Structure formats: C-alpha cells, structure tokens
Amino acid sequence: MSPVVATVIFALAAYLIGSISFAVVVSRAMGLADPRTYGSGNPGATNVLRSGNKKAAILTLLGDAAKGGLAVWLAQWLAPRFGVDETGIALVVIAVFLGHLFPVFHRFEGGKGVATAAGILLALNVWLGLATLATWLIIAVFFRYSSLAALVSAVFAPFFYVLMNGFDWIAGAVALMAVLLIARHRANIAKLLAGKESRIGEKKKAA
C-alpha cells in the first residue's frame with residue numbers, strides 16, 4: 001500500500017471515528033432525551049449535564065475525548081509501517097475533529113469539539129494536552145465561564161504546540177482545529193459580549 005493510499009484510509013477512518021457522537025449514543029443507551037432537543041441543542045457533555053444525569057455527562061466527556069485521542073494515537077502508531085509522514089498525521093487530526101463537528105452518523109449535527117480537541121492534543125503530546133487543559137482550568141476557575149475557558153485554550157493551543165515541537169504541518173492542523181472550535185462557539189461569544197452567558201454552576205440563561 002502506498003503512503004498516499006494509507007493516508008487517505010487513515011483520514012477516512014479518523015473521520016468515521018470522530019462521527020460517533022457519544023452525547024447521542026450515551027443518552028440513547030441510558031434512556032435520556034436526545035441532547036440536540038433541549039438546552040443549547042449541542043450534543044456535548046455540558047448539555048448532557050443539563051439532563052440532570054452526571055454519569056451520562058461524564059461518559060460523554062470521556063468518550064468524546066477518547067475518540068480524538070484514539071484516532072491520532074493509532075495513526076501515529078501505524079504511520080511508520082505505511083510510510084505516512086507528519087502531513088498524514090495532520091490530516092488525521094483535522095479529519096477526526098471534522099467528524100465530531102459534522103458526524104455522518106448523526107445527520108451532520110455535531111458538537112463544539114472541546115473534549116475531542118483535548119483528546120487529540122493529549123495524543124499528540126501529553127505535555128501539550130496538559131498545558132492546554134491547565135489553561136482551561138485556570139480560566140474556568142477565575143471567570144467561571146466554560147465557553148470562555150474553551151476559547152482561550154483554543155487560542156493558546158497552537159502556540160503551545162509550536163513552543164514544544166516547532167512549526168510543521170501538525171502545527172497548522174492544531175491552528176485550524178482552534179479556528180473551527182472558535183467558530184463553533186459563535187453563539188457563546190455573542191452571549192459573553194452581551195453578558196448573557198451562563199457561568200459554571202448556573203442554570204442556562206434565556207437568550
């Protein structure tokens with residue numbers, strides 16, 4: 001198998017893995033309402049938590065993070081065997097993230113990508129993932145806005161990557177992932193600017 005064909009297969013497999021929406025799968029398995037039908041309508045752990053089922057929210061968070069990490073880890077493990085270079089890994093990063101945002105198995109109605117991005121970053125470099133998670137935690141603790149923490153972390157993640165690994169195709173993939181994540185938070189940005197965004201621990205505010 002040529003490296004080009006292997007890269008295409010890796011990317012396609014990553015997209016399909018990313019397309020598994022754990023918010024939807026876990027909710028169905030536990031007899032809960034589809035998370036796309038209540039709260040923010042976002043199929044993610046934060047919205048699943050609004051169902052009142054903490055276990056479902058935790059499973060969603062872990063599942064979404066694990067799928068991102070698994071896709072990238074498998075690609076990195078198999079890459080040397082098929083001659084796939086860093087460009088291929090970069091494509092896998094984007095593919096699994098796009099799978100989460102636009103899942104083929106769930107009518108292309110995906111989440112915002114925070115947990116999946118965390119899993120991807122941890123798989124690329126544990127210290128990169130931990131630095132980004134620490135950034136999220138600091139912002140979340142001081143400002144108590146989950147969305148703001150995600151946005152700030154997304155901005156810093158590409159810089160952390162470059163500091164640790166230098167400029168390469170994967171750095172570009174991390175930057176693109178950050179842009180996509182920020183774009184998925186457009187409504188949250190508008191609410192933050194209007195002072196209507198819910199803080200961590202508060203009930204969702206009216207739009």
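Heads up, the Cβ atoms here are built off N, Cα and C, so glycines get one too.
Residues or ranges marked as transmembrane segment in Swiss-Prot: 4-24 (among others).
Swiss-Prot lists 58-78 (among others) with the feature transmembrane segment, giving sequence analysis as the kind of evidence.
Using a Cβ-Cβ cut-off under 8 Å and counting only residues 6 or more beyond its ends in the same chain, the transmembrane segment (86-106) has close neighbours at 3, 6-7, 10-12, 14-21, 24, 43, 64, 67-68, 71-72, 75-76, 79, 112-113, 116-117, 120, 124, 168-170, 172-174, 176-177, 180, 184. The feature transmembrane segment is assigned by Swiss-Prot to 86-106 (among others).
For the transmembrane segment (120-140), the list of distant contacts is 65, 68-73, 76, 93, 96-97, 146, 148-150, 152-153, 156-157, 160-161, 164-165, 170, 174, 177, 200: same-chain residues at least six beyond its ends, Cβ to Cβ under 8 Å. Among the features that Swiss-Prot reports, transmembrane segment is placed at 120-140 (among others).
What Swiss-Prot records for 162-182 (among others) is transmembrane segment.
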